[in-house]
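Student: Annotation comment: Swiss-Prot describes LYS178, 181-182, LYS206, 435-439, 1027-1032 as dsDNA binding site. Per Swiss-Prot, Zn(2+) binding site is recorded for CYS1061, CYS1064, CYS1079, HIS1082, and the stated evidence type is a large-scale study or a structure entry.
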Amino acid sequence: MSSNLSIDERWKVIEAYFKSKGLVRQHLDSYNDFVRNKLQEIIDEQGEIPTEIPGLKVRLGKIRIGKPRVRESDRGEREISPMEARLRNLTYAAPLWLTMIPVENNIEAEPEEVYIGDLPIMLKSAIDPISQYTLDKLIEIGEDPKDPGGYFIVNGSERVIVTQEDLAPNRVLVDTGKTGSNITHTAKIISSTAGYRVPVTIERLKDGTFHVSFPAVPGKIPFVILMRALGILTDRDIVYAVSLDPEIQNELFPSLEQASSIANVDDALDFIGSRVAIGQKRENRIEKAQQIIDKYFLPHLGTSADDRRKKAYYLAYAISKVIELYLGRREPDDKDHYANKRLRLAGDLFASLFRVAFKAFVKDLTYQLEKSKVRGRKLALKALVRPDIVTERIRHALATGNWVGGRTGVSQLLDRTNWLSMLSHLRRVISSLARGQPNFEARDLHGTQWGRMCPFETPEGPNSGLVKNLALMAQIAVGINEKIVEKTLYEMGVVPVEEVIRRVTEGGEDQNEYLKWSKVILNGRLVGYYRDGEELAKKIRERRRKGEISDEVNVGHIVTDFINEVHVNCDSGRVRRPLIIVSNGNPLVTREDIEKLDSGSITFDDLVRQGKIEYLDAEEEENAYVALEPSDLTPEHTHLEIWSPAILGITASIIPYPEHNQSPRNTYQSAMAKQALGLYAANYQLRTDTRAHLLHYPQRPLVQTRALDIIGYTNRPAGNNAILAVISFTGYNMEDSIIMNRSSVERGMYRSTFFRLYSTEEVKYPGGQEDKIVMPEPGVRGYKGKEYYRLLEDNGVVSPEVEVKGGDVLIGKVSPPRFLQEFKELSPEQAKRDTSIVTRHGEMGIVDLVLITETAEGNKLVKVRVRDLRIPSIGDKFASRHGQKGVIGMLIPQVDMPYTVKGVVPDVILNPHALPSRMTLGQIMEGIAGKYAALSGNIVDATPFYKTPIEQLQNEILKYGYLPDATEVTYDGRTGQKIKSRIYFGVVYYQKLHHMVADKIHARARGPVQILTRQPTEGRAREGGLRFGEMERDCLIGFGTAMLLKDRLLDNSDRTTIYVCDQCGYIGWYDKNKNKYVCPIHGDKSNLFPVTVSYAFKLLIQELMSMIISPRLILEDRVGLSGGKGNE
């Protein structure tokens, strides 16, 4: 049997993978795990609600999640669909019901199911009803049938929880100390458990002593004292706990000497307690120290007194790692290695958020219970519970992105520019590192990111390398309970640490024998020793492939001259990727398997269960020897890549021939693909997005990669196939600008529509006042003038298909006054103010949709969508799929464009200078492939590494009568003369990006000014001016153009006239009664003269006065135009 699986056969495996997994599986899996397991665990952690009242407590039972629904203002409840939530600005959430059992004097009352709050639902997750709907049913409720879900709807807007990248918690990471400090080597452990994280630091000082520090105790605690406090007393026990190796044991002498005065547990605890409970009695100090050690020292190992020995052995293991580093037996741990990274997904983040919300809820309920019991009422739990505590906590965090633990930007608005940008946003990974610091290593592409993170897709600028995207096949472990794995390990013959130490110290066995044994480390914790590490790793893998151990478990065996460790991992957040298992140089996935996959009789998961494909994390991949191609296989290989191009992420996968481009060009294209206009959602006509673009005639690319079908790009494309000529023509395509065929544009090429939403609701205010959506009366404050309201109907709302321009009122609205005193003074009509919604300045369009509905509070909500036709014009931005971006420099009619012998006229003309220095060979190849596709009617495969060879395509176009280099004899359309050299003509996919001149064009003559400085406002949205800055001013000073300088900086900015007293130099004020200016000091006894200054200068003087500095303006005689006395 030939073991060489063809490209097509391996592609079937990929298709099966995505059929069963989809593209946003990682969020859905994580959220489902939260809903099914973590939610109940958080409730069980609390267990019961204790109260101050003797004999009364409330026991907590099972939690149940209802169907998504809304509570209407008339208190009725009904189920809602996601689309209704979007349109009515609701939150798509389901009620949580918790069983509570009041217990009085150990007598249980009837269990009650109590509503405790709302939980936002992730679309398409296990608890979302629409995940079970058929395609027709989805279309019926207004959803895009291909929408992947994975996001939330909060207050009508779609929000994503972005995956967070973190250093792996509960691992010992060793490093060398800073040069020049007293510390030579350090170990850091982020001990993370339900609800809180405690960093523990171990330091080796120059004198050879070891110190431990953690936040709850000020200062550093000597290592031996801490070990004694944890219950390991004798020097011998401490030394053997650290290591069985005499060389390592010797390094502990300085530490043992340092702590020789403290010999028992109580003294050690008192040493710690004297830092925490200063000046208290010895018993209190010891008790406090015990509490702190249990709760705040390595809490992930447990928080009871029974866990102290476990903590001692963990600490000893960390010390042994530091000593090994000091002795040169191991390298410092690589913080950027992906084995030391964990991703926190929606489920983990939601769990930490819900935990905090639930704690607040319990605290409030305890208070309410005590308050009601004191009054001696019968317990009515339903009346005492305040569900809005949980609801609001969670909703606020999702709506703002401010999470517990001080993280910001955790939830973001889903980017719906096009289909690709939405998918890419759902697969984004953010590193929590500060982007202000350089962090060069953290930004670099690390070898362990192969197949896990996309090598191209990262932003330019300060976030470069910190914001990443998952590769196509990356999958994130949900994690399983480590107790199960620990039990299995002991069954397989792993000897626990304590047992080994007992055998050596008391049983008299040879410690050198155990030094040859392998350390077994489970999730970063030393659990025991095993005779042969290689054998153990092999056994675990065999069991996993047989399905006896969960496939979430990964194992790596690390062997160097000094180190022999087996690392077993089963925690959540590890990025893993599937590989085909190879034995004796043959892949275990056979042709028969692939035929079964193709026919649908087995799924991808079945292959994993059968042990033919397995998921490896970065740690286990260190042991794997992976072949890229079946033809590379040798008997030494352990695994085979399923599909090499799957190392790319979603956006980089759509680039044709990416391996022929310079690397940064692919990065630029990955960013621009998210800005291209296309069909962003099939239900766009029902949606009310704040801003949306729609390309009228998107086409699927003629030159495709295989990933396009998986991503769904062929059904929701964003671009057109354009005929491209490469020629320096007219000079209007210099410096990356392009020339476009005006006739093609007039036929509809790259036309798009821009939708903008305007919305408002009738808000009710305290005191019985409310907004009204009506046509405002001419008497109200801020009335704009009759012509602005001309489009409104009787109900105060514009009607559909009406043309509007900047300043026109779309929704008329009046609001009560802001302050009460106005209300008393003015007539009822004047008291109201006009708060109408107007079309943005500088925009125009046609009213597309008017939606009148009401919010959950029962307030009237009006949404108006305005559409604007956008025809490509000079200055609009376009880009090919190879990072070649440019703006239109000129639109030339077809008659003036160059044409070939066959009469073909290009749609786009690109300057040849854009190609050599950028080295985007992919674009030249795409042009040839596109030409073949257009001639033959076949779509060309340009998948990286597995493409149709370009030479083959060149031979093909030769058969159609074209030159293999795709050049053609061309004539100048203006003169009809033949152009001397042959011109390259090809078909290239061009994208229209959302940077359009219509959104950016801006000029101003007169306009609004700022209240404070009376200078023109800034920015296009506020009709602002263009700033004449300091450097521009310097130029004018250099030119000596005094009048121009005065014109820009005074006359056309904030010129104002002030009146200055000729005696004291203060600015006077205008007395209305006397009808003249008076000096604040001399009254009307002095003369005041007008002086022209900048208002900003006047403001500066008055602000100085407020700081008790007294600037005075000294006046001299004004120079007459005919010349003064000669001494001015």
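Using N, Cα and C of the backbone, Cβ positions are placed for all residues, glycine too.
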Student: Same chain only, sequence gap of 6 or more: which residues have a CB within under 8 Å of the CB of ASN439 (dsDNA binding site)?
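Tutor: ASN439 (dsDNA binding site) has long-range Cβ partners LEU433, LEU466.
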Student: List nothing but the one residue from ASN182, GLN437 whose Cβ has the fewest other Cβ atoms within 10 Å; the candidates are the binding-site residues.
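Tutor: Among the binding-site residues ASN182, GLN437, the sparsest Cβ neighbourhood within 10 Å belongs to GLN437.
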Student: Other residues near the Zn(2+) site, CB within 8 A of the CB centroid of CYS1061, CYS1064, CYS1079, HIS1082?
Tutor: ASP1062, GLN1063, GLY1065, TYR1066, GLY1068, PRO1080, ILE1081, GLY1083, LYS1085, SER1086, LEU1088
Student: So, three-state DSSP: helix, strand or coil for PHE1028 (dsDNA binding site)?
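Tutor: Reduced to three states, the DSSP call for PHE1028 (dsDNA binding site) is coil.
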Student: What is the separation, in Å, between the Cα atoms of ASN182 (dsDNA binding site) and CYS1061 (Zn(2+) binding site)?
Tutor: 69
Student: Helix, strand or coil by DSSP: which one applies to GLN437 (dsDNA binding site)?
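Tutor: The residue in question, GLN437 (dsDNA binding site), is coil (DSSP, three-state).
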Student: Determine the most Cβ-crowded residue among the binding-site residues CYS1061, CYS1064, using a 10 Å radius around each Cβ and all protein chains in the structure.
Tutor: CYS1061
Student: Fewest other C-beta atoms within 10 angstroms of its own C-beta: which of the binding-site residues LYS178, GLU1030, CYS1079 fits that?
Tutor: GLU1030
Student: Which state, by DSSP, holds LYS178 (dsDNA binding site): helix, strand or coil?
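Tutor: In the DSSP reduction, LYS178 (dsDNA binding site) maps to coil.
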Student: Name the secondary structure element type, per DSSP in three states, that contains CYS1064 (Zn(2+) binding site).
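Tutor: The residue in question, CYS1064 (Zn(2+) binding site), is coil (DSSP, three-state).
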Student: In whole Å, how far does the CA atom of CYS1064 (Zn(2+) binding site) lie from that of PHE1028 (dsDNA binding site)?
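Tutor: That comes out at 34 Å between the alpha carbons.
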Student: Looking at Cβ-Cβ distances, which residues of the chain lie under 8 angstroms from HIS1082 (Zn(2+) binding site) while being 6 or more apart from it?
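Tutor: Once residues fewer than 6 apart are set aside, HIS1082 (Zn(2+) binding site) is near CYS1061, GLN1063, CYS1064.
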